[in-house]
């Protein structure tokens, strides 16, 4: 065919001729035809956006970080995409999820203290415009599957009222993987109530007892993918229950890890493997149904691993609930055929609050309807390797911090500042806070458990404590050179300390009051048998 076409071309210049009647309209019609699914992916329509959020996955809980827990699907995706090696989340569930969906620091939403507990009349402020709302405005179909944990005391707080077309999952922070029940103490009633926490849309879903949640969520996610028309932009937020406690997993996932003698770590490893398999099933569905070539796939944890429940962040210091690197250094990567660079490790500073402006820009939407954002559009940083627009990161300021899982022998009370150094006048260093600027990080107050936790083994299952005195309230580190936070540089760089304290004071001055209301006994699910809105 090609040769015959070439032979038919005129050998010399031919005179210009007017287009034959009807040819011009035909060309116009051809130009206006919609492109075939998969053709010119990304050039003519916004990409599909799939965000998978793991729960309590630690730095040392994936094999691409050297763990003996096998994560082949995550490894393959990270190796073929962009591994985020200087990526941060918050140290707890609600704060990370709120910053993901608002693009704003906790100090600007009132959620800077702990999490939203089952009976608290609280949720992400209703005047905040969330990521799914912005994507809907940009023409996306929006689905959420899994853990919400952003408040549910009134119906206006529910996912389906905050921008998601569909929702399937649970509203609180944790529950049984099989019964899907959550037990919680209602203080004012002096009773512990156990009730179902599972929803399909806004309706209680009762037909899933004895079904493992990760499998159910994966099935729903893949069903949404397979029924989705490729020409319509999709946003799928899959917030897995894995690998948050309780430590539960089908028996067959335990057998490959019989060599792990620590019981918590043994179960946890099986849970990670099942989660890895789930991610593989989701990406397989995207590929088999023609969506992958125009998909940006993001994987992230919500905080560091909880060493009390099998997680591990070695060699990083600390764990979930803490502002040490082990509590906030995120496991994350981006995989997509649309990336301009692939198979690279990105060392630029990126935070979970950056996803909102990044994804809205990719969606060709607008953030004009939001309150002032703390996040940055980092797509060029990820896709092309450009310098990150983020130079500074406020990890948090919590004036009411109490560590509910302190190191052995540590006090629950925050540390008291015993220093008279003039630079300390810039900020009250007894406050639980941390900030990052460039390669510098400063922690103040009591940051949470500051031990190092080696992976459990037959020879070593104990934490390595720090030698810091209990009155210490200030720690500056060069994180690029010292990611394990072992070398306090306060004596060597007092001017850096002073500058970072001034920045903390700036943020503290511009923060809103902490919103952490007392329990409301009307939350009691005794009458309905299910947790849900009560106002």
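Don't overthink the numbers, they just go from 1 along the chain as shown.
From the backbone N, Cα and C atoms, a Cβ is placed for every residue, glycine too.
Cross-referencing 147, 155, 380, 391 with the substrate binding residues that Swiss-Prot gives (244, 320) picks out 147. Just one of 93, 119 is listed by Swiss-Prot for the same Ca(2+) site as 55, 56, 302, 303, and that one is 93.
Considering only the disulfide-bonded residues 119, 407, 449, 523, residue 320 (substrate binding site) has 449 as its nearest partner by CA-CA distance. Spanning the residues 147, 244, 320 that the record associates with binding substrate, the maximal Cα-Cα distance equals 18 Å. Listed in sequence order, the residues of the same chain lying 6 or more apart from residue 119 (disulfide bond) and placing their CB within less than 8 Å of its CB are 184, 186, 187, 519, 520, 521, 523, 524.
Packing around residue 123 (disulfide bond) is summarised by its Cβ count: 26 other Cβ atoms lie within 10 angstroms of its Cβ, all protein chains included. Separation of the C-alpha atoms of residue 93 (Ca(2+) binding site) and residue 194 (disulfide bond): 21 Å, rounded to the nearest whole number. Ranking the disulfide-bonded residues 123, 194, 407 by the distance of their Cα atoms from the Cα of residue 56 (Ca(2+) binding site) places 407 first.
For residue 123 (disulfide bond), the nearest of the binding-site residues by C-alpha distance turns out to be 147; the candidates were 55, 147, 302, 303. Taking the centre of the Cβ atoms of 55, 56, 93, 302, 303 as the Ca(2+) site, the nearby residues of that chain (Cβ within 8 Å, site residues left out) are 53, 54, 57, 89, 92, 96, 244, 301, 320.
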